[in-house]
Amino acid sequence: MLTAVIALTLLALILGLLLGFASIKFKVEGDPIVDQIDKILPQTQCGQCSFAGCRPYAEAIAAGEVDINRCPPGGESTIQALADLLDVEPKPLDEECGVEKPKMLAVIDEQRCIGCTLCIQACPVDAILGAAKHMHTVIADECTGCELCLEPCPVDCIDMVEMTPNPNTWRWPDPSHVQLERGERV
Amino acid sequence: MTKTLGFFPGGLKLPGHKKRSTQTPIRKTPLAKRLTLPLQQHIGSAAIPIVEVGDKVLKGQQIARADGHVSVCLHAPSSGTIIAIEDHPIPHPSGLTAPCITIETDGEDNWVERHPVKDYRSLSTHEIRQIVRDAGIVGLGGAGFPSFIKLNPGVHHTVETLLLNGAECEPYISCDDMLMRERADGIIDGIEIMQYALRAREVILAIEDNKPQAISAMELALASRPHLQNTRLVVVPTRYPTGGEKQLIQVVTGKEVPSDGLPIDLGIVSHNMGTAYAVGRAIHHGEPLISRIVTVTGKDVPHAGNFETLFGTPISELLTYAETKREPDEAFILGGPMMGFSLSGDNLPVTKTANCILAGVDDVAPAQEPLPCIRCGDCASACPASLLPQQLYWHSRAKDFDQTRDYNLFDCIECGCCDYVCPSKIPLVSYFRFAKTEIMNQERERKKSDLARDRFETRQARLEREQREKEERQRQRKAALAASKAKKEQQEKAAETADADNKETE
Ligand code: SF4
Ligand code: SF4
Ligand code: SF4
Ligand code: SF4
């Protein structure tokens, strides 16, 4: 009887120590939750979620103030990733915020631009270049496709165009979706 | 001096199908009316045009310059007029268009002034690299990596071995075979220059044993240059994919290039035979890379063979010249049956990496729907890169891309051995290509969103600062206003008292 008690006590002690050690050694070292959420958001900075950018939305999610389904540019995959991170059920995108669209790019018709600089003030990522009274251009690599510059332009000279894939950014199709033409191999 | 050879795991013994295209000497493809030259025919950044529509150009004249470090120049393959600089379909699996320069040839084929180098030993290695870069030379084995970079081992490496890859292991392809048979001397000219540029201690020429004529031609050419030190020819067994860079290194040296390493880490630099020939032409004759040997072969090509073809020549014209039985726009394979891809469209040009055009594969298995994986493991035994294709397949299919990386997806050379042996006919390589481009796309997106976050935060900070400055200015203005008001009042008061004084004195 006594030996059993001693043995069990010892065992409990050892296991307890092990657990304590493990919790120190394998401590989850993550960024604060806001950073992690912000990392998942697409950074389009379009405000469709009704916040002034992705970071404010991330803060609101972290505070538990809003749902995770308010980001149209991120769409389904972003909602899924947020659900995984926060361990909640994914929901369909809130239609009130918008719909998922292909990635777009703003292009300024330089013939029509009057150089009023209003779009520069609207662009959340400073992707538009130009001086007052001179035509403006969008830096294609930095445009996030947020569409915030469309509204302010007094002469409606900004268009959103779909990003066309080029051979360097092109992706092979998913073989489970395509009926592959087989028989090309020897 | 026979050394025992090493070997690589897996691989296949495949029917060669090379006889059909090696019966006749290399022929010259007739000059096409129009030559369409994609600005990017190499790995790296596209070249930048330095000509304009309407310009007259001479054969060999530079028409686009290299952009940045990983890039090469582009030249007019024949004399004529630039008629377009615009997007045009290119031979790429996507079927997309890309920027191209189109030349309407004048039929004169007039050369620009060339500057052959009399004695390459009078040049510094840097000068040699520059000439190779300006000549637009890229690896002609298939991938098209700019060759001048591989002539620059960098200060931290010394080159032990320069390996010349003449394995040409993929069925049907015979352009290197024919080049070695007919132009062995030209190849060795290039090899000498490469050895000099790299200061390589030894040179090994590796050729598969199914090319006896090429082997004897190269041996003969080597024997006529007794001054060549430490240069030897190694005959390697015919086995697919011996011509893979890492596989050939394993066979010839017995050493394995580590998963995240490069051949140079083992002191090895390898080049293709065709590339060596191009280097020789560039230095000794001042000729840029404007043509290559293309194998045109297959069941439907009665006049199969190898064709010295100017870049930009429409592939359809080349097929017609070889009297291919084919309907307009009928699909063909660019590359070999294992690693090539199917293309269609008659408007596609021959580019620097086009080693073979295959129309009609012999003994094609009838098309079959893939069956479920039976976990037989045949794919793993066939894989020359020691990967686990079955696991890669499961994870690629489930879009578990992090997992595919853990299984070294990027070590896959897309040789197709796993596909070939899979009893369930699962298109494994298609899954791996899909997963690779998806991962690369995710990386690009992540970089882009990181950039957007940075720019957003910088802007946010700037706006706040501007706001603060504005408030500060307003505050100052207010203060100044208040101060001047007070002053004015004082003055007025003073004036009033003065006035009153004056009145009093009046
Ligand atoms: S809706 Fe727009 S601003 Fe809001 S999180 Fe998504 S991308 Fe960012
Ligand atoms: S808002 Fe329109 S007109 Fe004004 S600068 Fe921008 S593009 Fe030009
Ligand atoms: S060879 Fe095909 S069936 Fe066999 S394990 Fe590999 S993928 Fe599965
Ligand atoms: S294609 Fe890739 S996975 Fe398949 S055998 Fe070749 S290297 Fe291995």
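Using the three backbone atoms N, Cα and C, a Cβ is placed for every residue, glycine included.
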B:CYS373, B:CYS376, B:CYS379 bind [4Fe-4S] cluster 1 per TrEMBL; candidate in B:CYS175, B:CYS415, B:CYS422 listed for that same site: B:CYS422
Inter-residue C-alpha distance, B:CYS383 ([4Fe-4S] cluster 2 binding site) and B:CYS373 ([4Fe-4S] cluster 1 binding site) (nearest angstrom): 16
B:CYS373 ([4Fe-4S] cluster 1 binding site) versus binding-site residues B:CYS412, B:CYS415, B:CYS418 - nearest by Cα: B:CYS418
Shell list ([4Fe-4S] cluster 1; ref centroid = CB of B:CYS373, B:CYS376, B:CYS379, B:CYS422; cutoff 8 A): B:ILE374, B:ARG375, B:GLY377, B:ASP378, B:PRO389, B:GLN390, B:TYR393, B:CYS418, B:VAL421, B:PRO423, B:SER424, B:ILE426, B:LEU428
Sparsest-packed of the listed binding-site residues (B:CYS376, B:CYS412, B:CYS418, B:CYS422) - C-beta count within 10 angstroms: B:CYS376
Between B:CYS418 ([4Fe-4S] cluster 2 binding site) and B:CYS379 ([4Fe-4S] cluster 1 binding site), the C-alpha gap once rounded to whole angstrom: 4
Environment of B:CYS383, B:CYS412, B:CYS415, B:CYS418, the listed [4Fe-4S] cluster 2 site - residues of the same chain whose CB lies within 8 A of the CB centroid: B:GLY10, B:CYS379, B:ALA382, B:PRO384, B:ALA385, B:LEU387, B:PRO389, B:ILE413, B:GLU414, B:GLY416, B:CYS417, B:LEU428, B:VAL429, B:PHE432
Distal contacts, the domain '4Fe-4S ferredoxin-type' (B:401-432) - CB-CB under 8 A, six or more residues away: 10-12, 14, 240-241, 244, 246, 259, 338-339, 365, 368-374, 376, 378-385, 387-389, 391-393, 395, 438-439, 442
Three-state secondary structure, which DSSP defines for B:CYS418 ([4Fe-4S] cluster 2 binding site): helix
